[in-house]
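Notes to accompany the following structure.
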2 protein chains.
Amino acid sequence: MPPRNVVVAQSGGPTCVINNSLRGIIEACRSHPSAFGKVYGGRFGIEGVLKEELIDLSATSAEEIALLRTSPAAGSIGTCRYKLKKGQDQDFERVVDVFKAHDVGTFFYIGGNDSQDTAHKVSVLARDSGLDLVAVGVPKTIDNDLGDAEFRLLDHSPGYGSVARYYAHYVRQANEENAGSCPADPVLVIQAMGRKIGFIPAAARLADPERKLPIQIYLTESGLSLEQLGENVVRQLESDGRCIVVVSEGFDVGDVGAIRDNFGHIQFGASQQSVAQIVVNYLNTLKFPVPGKARGQVPGTDQRNAIAYASVTDLDEAYGVGRHAVEVARKHGNGWMATILRDRTGSGYNVHYDKAPLEQVANSERFFPKSWIAPSRIDVTDDFVEYARPLIGEDWVSVPTVAGLPRFAKIAQVFAPKKLPAYVPQTARAKG
Amino acid sequence: MPPRNVVVAQSGGPTCVINNSLRGIIEACRSHPSAFGKVYGGRFGIEGVLKEELIDLSATSAEEIALLRTSPAAGSIGTCRYKLKKGQDQDFERVVDVFKAHDVGTFFYIGGNDSQDTAHKVSVLARDSGLDLVAVGVPKTIDNDLGDAEFRLLDHSPGYGSVARYYAHYVRQANEENAGSCPADPVLVIQAMGRKIGFIPAAARLADPERKLPIQIYLTESGLSLEQLGENVVRQLESDGRCIVVVSEGFDVGDVGAIRDNFGHIQFGASQQSVAQIVVNYLNTLKFPVPGKARGQVPGTDQRNAIAYASVTDLDEAYGVGRHAVEVARKHGNGWMATILRDRTGSGYNVHYDKAPLEQVANSERFFPKSWIAPSRIDVTDDFVEYARPLIGEDWVSVPTVAGLPRFAKIAQVFAPKKLPAYVPQTARAKG
């Protein structure tokens, strides 16, 4: 009997290193030809499975797969924000049909909380319906909010180390700018991702672990108001003549963001303005003790795809946990997520790969530890620095270029021939 | 007679490579100890001269000066937006007093249009007042709007090549993001600097010189409206399912930016919202032919200080033109700006350093050539690509790191002892 096939898919917002988990899975499967048949990539995550759009990755050479190491984001096979929810029975049935039609024996799902929840549901479905399928999750999220509060199921998610390195460098560079340009521009506001969970803005502390620079960090969890932010900034200007403000996109700006049109309707609410802009506008209504104005910037998706800043540690771990997922599938079967755990003995930073039950992961929550927020509420503690510092690695990643441009992997857009009727979205069926 | 001293100062918004011109000047002056005495850095540009805040650069080691190569922005000696204007006679007199008090024989001013105008005024002042001073300008601007329309006085300004490389990489990476995430986020709006002159947004074309990607570029000079932008984006979504919009911060969004409060007063005008946000908000009022929304980001000052993207060509030229300025001062004396000219014979990209009269530079203007705007008005031509492509160089710059963070030069904050009464700002005197 020929080995059964594999589907791998990505889900949620991408990271700098997500393609390394994909690479690890592809390369590990290829190194076990008796255990795994063809490896298909779901085009745009689970949506590609539902639509039976399966990229035949055997059409892409080993050299091109190797280039996934330094190819950021999900241009390779795509990602989605589609979530398989309880009650969407027809979607689950469709997944089963597609897997059966293409003789899929293993399903790897690379993603964050929602994705691991989907992987868990698929694994349960397989078990309950007698489908001979092994579903294994692979962690991925820049937010680092996957896993448990005690960091025992998972120390950190691939993707976080690179966004942390991005902020360490970004803020360090911003400091050169702010220190040199403060007569005109004394306040620089930088908006960080991570709507509810503060691991990303917290990483700004890695730019200045010795706390020599005038940096203020506003996590969503700080519980501070826009007015308190303003007071803090003015105080920093009094002492240093300049200030760098790193603010979470989820920071609660209160009612200032709600702007009404001439009929009294809220026209551009907070959701239609960036937090950075609201903070800048507010600061510029205050009386500064120095000349000059506040200005702001929004790194946006750049923070999760700027490959030049990728942490080599993160790249390697994303690859390692991808490869490990294949081992988990081979040796332990259905219902696991591959994990990264930090060695708790020995000196220095070392990790090992392990596994956690998908059921446990899907029902876990991780917040930014309250004890890592400094008493000032505008900083994080040394315990956070100790945790996060090793994740950003040491040296720069080497990204191959051609004619001065990065050379990213090109996945051949060769699809498995379709065998089923076209997918009808669950919502369309519900209406019909 | 001991050699007379030197003052070097930077002005205007910084660049990734501005410190290389500083480095070139310092190192060239140090290599001619019989011609040049101490090299002082004006703290925050001409403001440091006025305030007699002169950093004694002899207190900084050669090793540290060498690190200026990969130290972005102006954290080294600072920059300013202060401009010496006609009529500010007391400011000019103060400059003369400070130069006399510190036996300054040469003044190098690194900057863009306004700065070269200041350098010119100082050079004329020296000539007219019998002050034995050589004033030489060194070009610097990410906007590339310094020099003449025919590129004969100056081919390009140091700083532009690096911001162009930033956009080439930025948009290439954004394309990986957009291609992979388009089911949820089909439109990514990126706001580029360069208020009036489109060289910076134009550089987005370098990400895709073969025009294979769904990129639209909106220069301020395009003359297009927000509504036309919307139509173009919808059309791109119809054909490609996704679109990357690069828009100048100076793009005319019309009246959409003017938002009124419930008394009818304009509350947050266009100046208090980013162009990117206005474009995103507008696009999200349109009916897209695909699911998902537009999102936007504002790179801000990162585009002029992200050293990882610095063009090695630009780094080297910024250094070369700094060194050359010292030669110009030695051999030709007062009233010149050092220049970079492209060799018009031979194959490949080569430059040589030359000089132009400051008077001519101060009275020149460069716009983005109309002939380089494509007929579609949302692209630039191959002539632009041919001009700009060599400026971004080939390989990555190597930035030294310590513990995973960039190691930037630390200029010893040792100041020349003050010899004059405190500076009284011109405005304060005018009032008094």
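Cβ coordinates are placed from backbone N, Cα and C, and glycine is handled just like the others.
Automatic, uncurated: that is what TrEMBL annotation is.
Look at TrEMBL and you will find A:5-307 tagged as domain 'Phosphofructokinase'. The diphosphate binding site annotation in TrEMBL covers A:GLY13. Under the heading Mg(2+) binding site, TrEMBL lists A:ASN113. Residues or ranges marked as site 'Important for catalytic activity and substrate specificity' in TrEMBL: A:ASP114. TrEMBL lists A:LYS140 with the feature site 'Important for catalytic activity'. Taken from TrEMBL, the feature substrate binding site covers A:THR141, A:ILE142, A:ASP143, A:MET193, A:GLY194, A:ARG195, A:GLU249. Taken from TrEMBL, the feature active site, proton acceptor covers A:ASP143.
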Practice task
Filter the binding-site residues A:GLY13, A:ILE142, A:ASP143, A:GLY194: retain a residue only if its CB is under 8 A from a CB of chain B. Output in sequence order; output 'none' if empty.
Solution key: A:GLY13
Practice task
Measure the Cβ-based neighbour count of A:LYS140 (site 'Important for catalytic activity'), defined as the other Cβ atoms within 10 Å of its Cβ.
Solution key: 31
Practice task
Find the one among the recorded positions A:GLY13, A:ASN113, A:ASP114 whose C-alpha lies closest to that of A:ILE142 (substrate binding site).
Solution key: A:GLY13
Problem - Distance in Å spanning the most remote Cα pair of A:THR141, A:ILE142, A:ASP143, A:MET193, A:GLY194, A:ARG195, A:GLU249, given for substrate - result: 16
Fill in the blank from the handout: Sequence-ordered recorded positions within 10 Å (Cα) of A:LYS140 (site 'Important for catalytic activity'), taken from A:GLY13, A:ASP114, A:GLU249, are A:GLY13
Fill in the blank from the handout: The rounded CA-CA distance in Å from the residue listed as 'diphosphate binding site' to A:ARG195 (substrate binding site) is 13
Practice task
Check the Cα distances from A:ASN113 (Mg(2+) binding site) to each of the binding-site residues A:THR141, A:MET193, A:GLY194, A:ARG195, A:GLU249 and keep only the ones within 10 Å.
Solution key: A:THR141
Exercise for the section: Specify all same-chain residues, apart from the site residues A:THR141, A:ILE142, A:ASP143, A:MET193, A:GLY194, A:ARG195, A:GLU249, whose Cβ lies within 8 angstroms of the center of the Cβ atoms of the substrate site, ordered by sequence. Expected result: A:GLY13, A:ASP145, A:ALA192, A:ILE197, A:PHE199, A:ILE200
Handout entry: Nearest of the binding-site residues (A:ASP143, A:GLY194, A:ARG195) to A:ASP114 (site 'Important for catalytic activity and substrate specificity') - Cα to Cα
Key = A:ASP143
Exercise for the section: State which of the following binding-site residues has the fewest other Cβ atoms within 10 Å around its Cβ: A:ILE142, A:MET193. Expected result: A:MET193
Fill in the blank from the handout: The mean pLDDT across the domain 'Phosphofructokinase' (A:5-307) is 93
